[in-house]
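Asker: Got a structure for you, written out below as structure tokens; questions coming shortly.
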Amino acid sequence: MAGEKGSVLFSLVSRGAVVLAEQGSDKTEAARAAPRVARRIIEKLSASNNRVTYSQDSHLYHILCENGIIYLCMADESFGRRVPFAFLEDIKQRFSSQYGATVSTALAYAYNTEFSRVLRQQMEYFSSNPNADSINKVKSEIAEVKNVMVENIEKVLDRGEKIELLMDKTDRLQGEASRFRGQARKLKNQMWWNKIRNMMLLALIIFLVIYFILALACGPKLKCSG
């Protein structure tokens, strides 16, 4: 399956962290490690729809999430990103049309016996067929490569155990921005009330000054004689 351009070496379909089907290879150390690395990745993925790519050494892990289902593949870095995402789009269409609503309650590896053959067949097709990219470019609406986030796995691993997605960082930034807007509104309201209090204090001072002037001229009860 390997070639000059590279190839898809591992793939899986999961519902969250529950792997429903997978297909791999033991040809290289990276391929043998792919299932373990893939599980660590999907355990940290959010349920929102997104596309993301992680790099590890000379391999890329490509992920397509849609409606709570995760489609993942590991490929040679030299294979680029367009064909792997075309492969994931193809797998998504085949999987959703074949299993539909049953996916929501399926147990781990419920479809492995049947669908792993589909994964192997499509992995070989996309790895060896030069027309795979052009055919699926027409069939699928694939995001531009520049819209796919790429992050080195080593940079997001915490002591080799934890993966944090860029989407999580985005969520934190959005939360901080929301808190900042809230603090800004609170400060604006506080400044407005300070302004009102200052105006009321100034009005009171003016009233007292006028009263004292009149009191000096007319007495405390302000009874001035003609």
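Glycine too: its Cβ is placed from the backbone N, Cα and C atoms.
Per TrEMBL, domain 'Longin' is recorded for 12-119. Among the features that TrEMBL reports, domain 'V-SNARE coiled-coil homology' is placed at 134-194. Annotated transmembrane segment per TrEMBL: 199-219, in sequence order.
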Asker: Which sequence positions outside the transmembrane segment (199-219), separated from its termini by at least 6 residues, show Cβ-Cβ distances below 8 Å to it?
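Answerer: Here no positions qualify.
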Asker: Within the domain 'Longin' (12-119), count helix residues (DSSP H, G, I), strand residues (E, B) and coil residues, in that order.
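Answerer: Residue counts in helix, strand and coil order: 49 helix, 33 strand, 26 coil.
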Asker: Restricting attention to the domain 'V-SNARE coiled-coil homology' (134-194), give the mean pLDDT.
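Answerer: That region's mean pLDDT is 62.
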